[in-house]
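Notes follow once the structure below has been shown.
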Amino acid sequence: MAVSQTTLWNLISGILGVICLLLMTTMGILLKNLLLTESIQPTLSPGPITELQKGSDCCSCPKRWIGHQCNCYLFFDELKSWTESRDFCASQNSSLLHIQNRDELRFVSSSKYFYWIGVYYSKENGTWLWENGLALPQDLLQTIQTFDTKKCVIYSSSHSVLDVSCEDKSRFICKQELM
């Protein structure tokens, strides 16, 4: 009886060992495929983008852009300075994000990172301006302190607005206004 119990436990151990080996192999293959997929995904190039995707009821957006209220948005994860970000957006026929209303503010608040937006400090006017020269509405974004003005602004999903050096590197949001 003792011999048959030992044989049974050896058999069960062997089967469980094979199952564990198969699970580990499967996990390794899945992890390899995930890493390979992430490494070969194309990065957005500054060239023209012709492949379109449906954005909302009134617009089609370039691939990798997100449509909302007849505008297209690109949440770009490469770190660039404010000027580099602005220039990249311009090369895509867009501009750094200019938030126009609370609905748009809610839409861009879905991200967890800080992003450059199209706001800078004008020493000439002594105020914060959008990239297009319009004044920043006080009721839309949290008031930005101007004690030690660093000149450019990053925004996060917690409605945090920070002034930082324009030379710092950050993610950024480009916006194409289609209407």
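Including glycine, each Cβ sits where the backbone N, Cα and C put it.
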Disulfide-linked residue for C166, taking Swiss-Prot as the record, within C89, C152:
C152
If one measures from the C-alpha of C152 (disulfide bond) to the C-alpha of C89 (disulfide bond), what distance in angstrom results, rounded to a whole number?
16
Please tell me which one of the disulfide-bonded residues listed here (C61, C89, C166, C174) sits closest to C70 (disulfide bond), measuring Cα to Cα?
C61
